[in-house]
Amino acid sequence: MQTSLFEFANVLITAVKEASYSISKFKEEVEIKYKSDGSEVTQVDTQSQQIIFSIIKNKYPTINIIGEEDVENGIPDNQLPTITQLSFGSLENKIININDIIIYVDPLDGTDCYTHKQYDSVCVLVGVTYKGKPMIGIVSKPFYNNEITFAIENYISSISLQPLNDKIIFVCSKKNDIQHLIKSFPDPYEVKYKGGSGAKMMAIIHQEADIYYHPLIQSCTWDTLAAQVILEAQGGIVCDIYGNPLCYPSSKKESMRHKKGVLCLSPRAKKYLPYMLSISKTILL
């Protein structure tokens, strides 16, 4: 099966938009459960994933979608939305093969932030690889007017950028503070704390931060791919902490975790890649 790039992108954007809207409008009491790895999951996560899967699978029944949660379709066809029709500037509307596509879905990134009402760290993340390479990234912030940011190859949607800080800004969670690792950083810096992998990477995309260093076997494919496509289209770097490309397996039968951690650098922070890699020489993952 084949489709045009523009049609495919519009289906994905519609799916993210609808899922994001469902999160922002959820009014029932949130029920928290715990997965085998100890992470939280709620009915809001599963509802969001059902919406995304239903919209995409209705159009492309055989497509390979890997979602964080263990649910798939669930929305009746007669309740599916009309697909949005955006144009993408001078981007070539090429024909793509569905069999060469893998979609990675995090229906609610930052679930623990969501349950603690830290809504600025909540995102919906949908990323796509084509023939094994990152191709499309779509990120929505449900509690910021369902703001959607996306990149298709090197085409980037409109992004609000913050004024650059005089210091280099590191972003991490308080739980996984990295201050002890970067004491010898060569220039003035500051550490800001934020939850959610997607929110940390989006902070770099919006110029609120410069470096995200995560030297743990914790982040998964669906946590990183969407924002990776956007950040790389801006000219930034996304890799593991040793400088290798992040891996995106084709099946949940393989580990979805990034076993060598995650490192993200803004365009202006790329010059610090050698320094960050030197830190990683002391860390065994």
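Residue 1 is the first one shown; counting continues down the chain.
Each Cβ is built from the backbone N, Cα and C atoms, and glycine gets one as well.
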Per Swiss-Prot, ASP106, LEU108 bind Mg(2+) 1; matching candidate in GLU68, GLU69, GLU147, GLU153: GLU68
From SER173, GLY195, LYS200: binding-site residues whose CA lies within 10 A of ASP106 (Mg(2+) 1 binding site): none
Greatest C-beta neighbour count within 10 angstroms, which of the binding-site residues THR111, SER173: THR111
Assigned conformation of GLY110 (1D-myo-inositol 1,4-bisphosphate binding site) - DSSP reduced to three states: coil
Residue pair LEU108 (Mg(2+) 1 binding site), ASP223 (Mg(2+) 2 binding site) - Cα distance, angstrom, rounded: 10
Cβ-centroid neighbourhood (8 Å) of the Mg(2+) 1 site, GLU68, ASP106, LEU108 excluded: ASP45, SER48, GLN49, GLY67, GLU69, VAL105, PRO107, ASP109, THR111, VAL124, LEU125, TRP222, ASP223
Cα-Cα distance linking ASP223 (Mg(2+) 2 binding site) and LYS200 (1D-myo-inositol 1,4-bisphosphate binding site), given in Å to the nearest integer: 10
